[in-house]
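Listed features, source TrEMBL:
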ACT_SITE  B:Asp21  active site, nucleophile
ACT_SITE  B:Asp23  active site, proton donor
BINDING   B:Asp21, B:Asp23, B:Asp238  Mg(2+) binding site
BINDING   B:Lys212  substrate binding site
2 protein chains.
Amino acid sequence: MSIKIKSVTDIINKYDHFIFDMDGVIWTGGQFIESGVNGVKHLIEQGKSVYFLTNNSTKSRQSYFEILSNIDIKTDLEHIYSSSYLTAVYLKMNNYKKAFNLGVTGITEELSALGIKTRDSEEFKDNQYVTYDIFNSIQPDEDIDCVVSGHNPQFNYYMLCYASLCIQKGCKFVAANPDSYIKVQNRLMPAGGCIQAILERATGQKSLLVGKPSPTALEVIMKQNKIDDKSKVVMIGDNPETDIEFGWNCGIDTILVTTGVTSKEQAENVKTTYVCDHLYI
Amino acid sequence: MSIKIKSVTDIINKYDHFIFDMDGVIWTGGQFIESGVNGVKHLIEQGKSVYFLTNNSTKSRQSYFEILSNIDIKTDLEHIYSSSYLTAVYLKMNNYKKAFNLGVTGITEELSALGIKTRDSEEFKDNQYVTYDIFNSIQPDEDIDCVVSGHNPQFNYYMLCYASLCIQKGCKFVAANPDSYIKVQNRLMPAGGCIQAILERATGQKSLLVGKPSPTALEVIMKQNKIDDKSKVVMIGDNPETDIEFGWNCGIDTILVTTGVTSKEQAENVKTTYVCDHLYI
């Protein structure tokens with residue numbers, strides 16, 4: 001049974017570290033969510049540590065830093081954790097050299113920043129039709145050793161074939177974004193989890209998950225920010241399958257907000273520490 | 001434990017009705033399989049009833065009839081059962097009027113032949129990039145009441161968005177082809193099951209399956225051809241998940257051939273009545 005709270009101020013003294021999902025909490029479908037923006041600002045003003053953790057792999061951390069700066073949310077680049085960045089950290093740690101990027105530029109930028117090369121699916125955005133001959137002519141670059149999937153609004157079948165052939169020749173398959181969809185004006189727009197699902201079906205291979213709900217992100221956040229007490233950390237998000245599940249997987253408390261993909265009615269059935277309709281009024 | 005047979009002649013006296021999968025049995029990746037073609041011809045010469053049952057929804061029955069005629073396989077159009085045709089039969093029976101076709105022309109032709117209108121994803125093949133604004137501007141035709149997925153080598157994200165919005169507004173979702181892949185020169189090319197998987201993930205809705213392994217096809221074949229004894233029917237195919245599973249679901253015997261997606265080694269672990277490396281030598 002989750003506790004209903006009216007505002008983030010209700011629990012502000014219980015935690016020192018607040019990890020925010022962005023899409024569905026701070027903005028949704030290209031529009032800012034006032035209560036989310038103000039909740040973040042209030043916590044920063046009160047001297048709390050605020051981190052941003054997103055599964056959206058379309059933008060680099062620098063891009064998020066600029067968006068947050070533009071709405072007067074004062075943070076550090078180092079407090080922004082995107083699944084693209086976490087993917088780059090994982091690939092670097094495991095010595096991968098070159099990725100086929102089935103996502104878009106956010107992934108390329110983060111990988112490049114850590115010295116990992118990419119071949120970008122963007123290159124194939126105009127390849128509309130795949131015949132047997134075209135399929136036979138696709139020979140993935142020999143030095144590609146991993147495939148990264150993410151949200152990609154210019155995804156097409158040619159890209160799928162290329163990625164599938166990389167995995168068939170033995171490449172590692174990392175999913176930077178398992179979110180099934182993002183909400184845009186009350187309709188669901190397919191997201192990175194859909195790209196992950198089609199490639200898993202096309203290859204019979206499960207992907208390795210680096211973004212939420214994988215607990216990898218919390219390990220990195222705690223290590224880089226010298227946090228040693230998990231009970232002082234809370235995750236705030238709109239998605240039960242990623243944000244709230246992430247909290248469970250990490251053993252930290254969670255706040256589910258109903259400003260994103262989860263309605264107030266649906267929230268009643270989610271196992272979360274707190275539920276909140278407006279983060280700050 | 002399955003029985004190893006050398007040729008279809010080993011069991012020819014046991015059955016009257018032979019249902020053939022085509023891809024992986026009669027051809028593969030655009031090349032004919034001699035033993036499969038000769039096996040079919042031999043059965044027809046011996047006066048057996050031969051039916052063709054495919055999950056490939058890219059071609060109409062007429063197209064298959066022409067391909068078979070060109071290699072001197074003498075059959076009737078009515079003996080060819082494609083999942084496109086079965087989809088059309090299902091939609092007609094259930095009074096659906098207009099489909100968004102996420103597959104290609106084979107589906108359109110069969111639906112049209114039974115008086116069901118379509119809007120075709122082909123129309124969106126050049127729509128490479130979907131922004132929030134573009135997504136918001138997509139308004140599915142009001143009279144569309146079902147979505148049909150199938151193999152589509154010009155599939156793109158715009159088509160996925162359109163189909164997802166149709167299902168979000170309440171359309172029925174029928175998968176004409178659940179095959180994950182087709183084998184092309186020893187590499188796997190993503191097929192209709194991948195399109196089915198991405199749309200299921202994008203909507204959280206399971207599709208209704210009309211093709212193999214759904215037993216619908218056998219009901220239609222038995223009814224239309226006045227077959228009343230299942231023990232006289234055998235299914236021949238290369239795919240454990242569709243062809244052989246279809247046999248189990250229908251309660252009929254099966255022959256697994258190793259000329260398609262299943263290797264000789266893999267065949268050892270498949271629960272089928274018979275295994276055969278070459279249908280007829």
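Cβ from N, Cα, C; glycine included.
Any TrEMBL annotation is an automated prediction that lacks curation.
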At a 10 Å cut-off from the C-beta of B:Asp23 (active site, proton donor), count the other C-beta atoms across all protein chains.
22
Among B:Asp21, B:Asp23, B:Asp238, i.e. the recorded positions, the one with its Cα nearest that of the residue listed as 'substrate binding site' is B:Asp21
The residue listed as 'active site, proton donor' and B:Asp238 (Mg(2+) binding site), compared by Cα position, are separated in whole Å by 8
Rounded to a whole angstrom, what is the C-alpha distance between B:Asp238 (Mg(2+) binding site) and the residue listed as 'active site, nucleophile'?
8
Which chain neighbours of the Mg(2+) site, leaving out B:Asp21, B:Asp23, B:Asp238, have a Cβ atom within 8 Å of the mean position of the site's Cβ atoms?
B:Met22, B:Gly24, B:Val25, B:Ile26, B:Thr28, B:Thr54, B:Gly237, B:Asn239, B:Asp243, B:Val257, B:Gly260, B:Val261
Near B:Asp238 (Mg(2+) binding site), how many other Cβ atoms are within 10 Å of its Cβ?
25
So which one is it: of the recorded positions B:Asp21, B:Lys212, which has the fewest other Cβ atoms within 10 Å?
B:Asp21
Quick one: what's DSSP say for the residue listed as 'active site, proton donor', helix, strand or coil?
strand
